[in-house]
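Pulled from TrEMBL:
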type	residues	note
COMPBIAS	1-11	compositional bias 'Acidic residues'
COMPBIAS	14-29	compositional bias 'Polar residues'
DOMAIN	49-176	domain 'MARVEL'
REGION	1-29	region 'Disordered'
TRANSMEM	53-72	transmembrane segment
TRANSMEM	84-111	transmembrane segment
TRANSMEM	123-144	transmembrane segment
TRANSMEM	151-170	transmembrane segment
Amino acid sequence: MRTSEETEGFDAEASNTSMISGASSPYQPTTEPVHARHIFGGIRCDVEYLKSYFGILKVVEVVLSFIGFICIETIMMCSPCGGVYFFEFVSCSAFVVTGVLLLIFSLNLHIKVPQVNWNLTDLVNTAASTFFFFLSSLVLACINHNTGAEIAAVIFGFLVTGVYGINTFLAVRKWRLGNGCHGAAQASEYMRARTASRGEMEARPELA
(Lines of atoms letter the chains of each structure in order from A and count residues from 1; the text may use other names and numbers.)
(Lines give C-alpha, C1' and ligand atoms only; values in the text may rest on other atoms or scores of the structure.)
Protein backbone atom coordinates (compact mmCIF):
# COMPACT_ATOMS: atom_id res chain seq x y z
CA MET A 1 0.00 0.00 0.00
CA ARG A 2 1.11 3.56 -0.76
CA THR A 3 1.93 5.85 2.06
CA SER A 4 0.47 9.35 2.33
CA GLU A 5 3.78 10.88 1.24
CA GLU A 6 3.85 8.72 -1.89
CA THR A 7 0.23 9.65 -2.65
CA GLU A 8 0.95 13.35 -2.26
CA GLY A 9 4.05 13.07 -4.46
CA PHE A 10 2.04 11.22 -7.12
CA ASP A 11 -0.68 13.87 -7.07
CA ALA A 12 1.87 16.69 -7.36
CA GLU A 13 3.57 14.95 -10.27
CA ALA A 14 0.23 14.41 -12.02
CA SER A 15 -0.67 18.05 -11.48
CA ASN A 16 2.63 19.24 -12.94
CA THR A 17 2.23 16.90 -15.90
CA SER A 18 -1.27 18.27 -16.54
CA MET A 19 -0.03 21.85 -16.37
CA ILE A 20 2.83 21.15 -18.77
CA SER A 21 0.56 19.36 -21.24
CA GLY A 22 -1.95 22.19 -21.01
CA ALA A 23 0.75 24.77 -21.64
CA SER A 24 2.06 22.89 -24.70
CA SER A 25 -1.42 22.31 -26.14
CA PRO A 26 -2.20 24.45 -29.20
CA TYR A 27 -5.80 24.83 -28.06
CA GLN A 28 -5.43 27.44 -25.36
CA PRO A 29 -8.50 29.11 -23.85
CA THR A 30 -8.88 32.75 -24.72
CA THR A 31 -10.42 35.50 -22.68
CA GLU A 32 -11.99 37.14 -25.78
CA PRO A 33 -15.35 35.61 -26.69
CA VAL A 34 -16.03 34.73 -30.29
CA HIS A 35 -19.04 37.00 -30.60
CA ALA A 36 -17.43 40.01 -28.93
CA ARG A 37 -16.77 41.74 -32.22
CA HIS A 38 -17.81 45.26 -32.95
CA ILE A 39 -20.07 45.10 -35.98
CA PHE A 40 -19.97 48.86 -36.34
CA GLY A 41 -16.29 49.13 -35.49
CA GLY A 42 -15.51 50.78 -38.84
CA ILE A 43 -18.12 53.51 -38.34
CA ARG A 44 -16.70 56.65 -36.77
CA CYS A 45 -17.29 60.34 -36.98
CA ASP A 46 -14.89 61.89 -39.47
CA VAL A 47 -14.10 65.20 -37.80
CA GLU A 48 -11.68 66.13 -40.58
CA TYR A 49 -14.47 65.94 -43.14
CA LEU A 50 -16.72 68.13 -41.01
CA LYS A 51 -13.90 70.68 -40.83
CA SER A 52 -13.31 70.58 -44.59
CA TYR A 53 -14.95 72.86 -47.16
CA PHE A 54 -17.37 70.14 -48.24
CA GLY A 55 -18.38 69.31 -44.68
CA ILE A 56 -18.95 72.95 -43.71
CA LEU A 57 -20.90 73.65 -46.91
CA LYS A 58 -23.11 70.63 -46.36
CA VAL A 59 -23.88 71.63 -42.78
CA VAL A 60 -24.80 75.15 -43.94
CA GLU A 61 -26.96 73.71 -46.75
CA VAL A 62 -28.86 71.45 -44.37
CA VAL A 63 -29.45 74.29 -41.90
CA LEU A 64 -30.58 76.83 -44.52
CA SER A 65 -32.80 74.30 -46.30
CA PHE A 66 -34.46 73.42 -43.01
CA ILE A 67 -35.00 77.09 -42.12
CA GLY A 68 -36.51 77.75 -45.55
CA PHE A 69 -38.78 74.74 -45.15
CA ILE A 70 -39.93 75.94 -41.72
CA CYS A 71 -40.62 79.43 -43.09
CA ILE A 72 -42.78 78.11 -45.92
CA GLU A 73 -44.61 75.75 -43.56
CA THR A 74 -45.80 78.66 -41.42
CA ILE A 75 -47.94 79.99 -44.28
CA MET A 76 -51.55 79.10 -43.47
CA MET A 77 -53.39 80.58 -46.44
CA CYS A 78 -52.30 81.21 -50.02
CA SER A 79 -53.92 81.80 -53.38
CA PRO A 80 -52.42 80.84 -55.75
CA CYS A 81 -50.30 78.26 -53.92
CA GLY A 82 -48.12 76.95 -56.77
CA GLY A 83 -45.01 78.87 -55.72
CA VAL A 84 -45.45 77.89 -52.08
CA TYR A 85 -45.89 74.20 -52.86
CA PHE A 86 -42.93 74.19 -55.26
CA PHE A 87 -40.60 75.82 -52.75
CA GLU A 88 -41.85 73.49 -50.02
CA PHE A 89 -41.06 70.41 -52.12
CA VAL A 90 -37.60 71.65 -53.14
CA SER A 91 -36.54 72.70 -49.64
CA CYS A 92 -37.76 69.46 -48.06
CA SER A 93 -36.11 67.28 -50.73
CA ALA A 94 -32.81 69.16 -50.52
CA PHE A 95 -32.83 68.96 -46.73
CA VAL A 96 -33.40 65.19 -46.71
CA VAL A 97 -30.99 64.25 -49.53
CA THR A 98 -28.18 66.56 -48.42
CA GLY A 99 -28.67 65.47 -44.81
CA VAL A 100 -28.34 61.82 -45.78
CA LEU A 101 -25.18 62.54 -47.80
CA LEU A 102 -23.74 64.51 -44.89
CA LEU A 103 -24.40 61.55 -42.59
CA ILE A 104 -22.83 59.11 -45.07
CA PHE A 105 -19.66 61.16 -45.57
CA SER A 106 -19.22 62.17 -41.93
CA LEU A 107 -19.49 58.54 -40.75
CA ASN A 108 -17.31 57.16 -43.60
CA LEU A 109 -20.16 54.94 -44.75
CA HIS A 110 -19.27 55.66 -48.39
CA ILE A 111 -16.07 53.62 -47.93
CA LYS A 112 -18.17 50.51 -47.30
CA VAL A 113 -19.93 50.91 -50.68
CA PRO A 114 -17.10 51.56 -53.17
CA GLN A 115 -19.31 50.51 -56.10
CA VAL A 116 -21.06 53.90 -55.98
CA ASN A 117 -19.32 56.92 -57.48
CA TRP A 118 -19.88 59.20 -54.49
CA ASN A 119 -18.14 62.20 -56.03
CA LEU A 120 -20.52 62.08 -58.99
CA THR A 121 -23.49 61.51 -56.67
CA ASP A 122 -22.58 64.57 -54.63
CA LEU A 123 -22.10 66.59 -57.81
CA VAL A 124 -25.53 65.64 -59.17
CA ASN A 125 -27.20 66.50 -55.85
CA THR A 126 -25.53 69.88 -55.49
CA ALA A 127 -26.12 70.85 -59.13
CA ALA A 128 -29.79 69.82 -59.01
CA SER A 129 -30.32 71.58 -55.67
CA THR A 130 -28.72 74.76 -57.05
CA PHE A 131 -30.99 74.80 -60.08
CA PHE A 132 -34.25 73.94 -58.32
CA PHE A 133 -33.62 76.22 -55.33
CA PHE A 134 -32.93 79.14 -57.66
CA LEU A 135 -36.02 78.37 -59.73
CA SER A 136 -38.34 77.89 -56.75
CA SER A 137 -37.03 81.01 -55.01
CA LEU A 138 -37.52 83.02 -58.20
CA VAL A 139 -41.08 81.73 -58.62
CA LEU A 140 -41.91 82.44 -54.98
CA ALA A 141 -40.43 85.95 -55.30
CA CYS A 142 -42.68 86.65 -58.28
CA ILE A 143 -45.82 84.97 -56.89
CA ASN A 144 -46.32 85.81 -53.22
CA HIS A 145 -48.55 87.85 -50.93
CA ASN A 146 -45.76 89.90 -49.32
CA THR A 147 -46.09 88.06 -46.04
CA GLY A 148 -43.13 87.84 -43.68
CA ALA A 149 -42.88 84.07 -44.03
CA GLU A 150 -42.77 84.21 -47.83
CA ILE A 151 -40.17 86.97 -47.87
CA ALA A 152 -38.02 85.07 -45.35
CA ALA A 153 -38.34 81.88 -47.41
CA VAL A 154 -37.23 83.74 -50.55
CA ILE A 155 -34.21 85.21 -48.75
CA PHE A 156 -33.10 81.85 -47.35
CA GLY A 157 -33.81 80.24 -50.71
CA PHE A 158 -31.40 82.54 -52.54
CA LEU A 159 -28.83 82.19 -49.76
CA VAL A 160 -28.85 78.40 -49.95
CA THR A 161 -28.74 78.66 -53.76
CA GLY A 162 -25.43 80.51 -53.47
CA VAL A 163 -24.06 77.93 -51.02
CA TYR A 164 -25.11 75.07 -53.31
CA GLY A 165 -23.51 76.90 -56.24
CA ILE A 166 -20.16 77.09 -54.44
CA ASN A 167 -20.46 73.42 -53.50
CA THR A 168 -21.23 72.53 -57.12
CA PHE A 169 -18.11 74.33 -58.33
CA LEU A 170 -15.92 72.48 -55.81
CA ALA A 171 -17.63 69.16 -56.57
CA VAL A 172 -17.01 69.58 -60.31
CA ARG A 173 -13.34 70.29 -59.69
CA LYS A 174 -13.04 67.30 -57.34
CA TRP A 175 -14.80 65.03 -59.83
CA ARG A 176 -12.49 66.13 -62.66
CA LEU A 177 -9.41 65.58 -60.54
CA GLY A 178 -10.67 62.14 -59.56
CA ASN A 179 -11.31 61.17 -63.17
CA GLY A 180 -7.92 62.52 -64.19
CA CYS A 181 -6.13 60.47 -61.55
CA HIS A 182 -8.13 57.39 -62.51
CA GLY A 183 -7.31 57.86 -66.19
CA ALA A 184 -3.62 58.35 -65.41
CA ALA A 185 -3.62 55.16 -63.33
CA GLN A 186 -5.21 53.21 -66.19
CA ALA A 187 -2.69 54.59 -68.68
CA SER A 188 0.18 53.72 -66.35
CA GLU A 189 -1.15 50.18 -65.92
CA TYR A 190 -1.48 49.80 -69.70
CA MET A 191 2.10 50.98 -70.31
CA ARG A 192 3.40 48.66 -67.59
CA ALA A 193 1.63 45.67 -69.14
CA ARG A 194 2.86 46.61 -72.62
CA THR A 195 6.45 46.93 -71.41
CA ALA A 196 6.26 43.57 -69.65
CA SER A 197 4.87 41.95 -72.80
CA ARG A 198 7.63 43.48 -74.92
CA GLY A 199 10.26 42.25 -72.48
CA GLU A 200 8.82 38.74 -72.67
CA MET A 201 8.95 38.84 -76.46
CA GLU A 202 12.61 39.86 -76.39
CA ALA A 203 13.47 37.14 -73.89
CA ARG A 204 11.71 34.51 -76.03
CA PRO A 205 12.45 35.29 -79.68
CA GLU A 206 10.66 32.13 -80.81
CA LEU A 207 7.37 33.87 -79.94
CA ALA A 208 8.05 36.60 -82.50
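Placed from the backbone N, Cα and C atoms, the Cβ positions cover glycine too.
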If we skip the immediate neighbours and take only residues 6+ beyond the ends of the transmembrane segment (151-170), which ones have a Cβ under 8 Å from one of its Cβ atoms? 53-54, 57-58, 60-61, 64-65, 67-68, 71-72, 87, 91, 94, 123, 126-127, 129-130, 133-134, 136-137, 140-141, 144
Counting only residues at least 6 beyond its ends, the same-chain positions whose CB falls under 8 A of a CB in the transmembrane segment (84-111) are 42-46, 49-50, 54-55, 58-59, 61-62, 65-66, 68-69, 72-73, 75, 78, 118, 121-122, 125, 129, 132-133, 135-137, 139-140, 150, 153, 157, 160, 164
Summarise the model confidence on the domain 'MARVEL' (49-176) as a single mean pLDDT, whole number. 92
Reduced to three DSSP states, the domain 'MARVEL' (49-176) has 107 helix, 0 strand, 21 coil
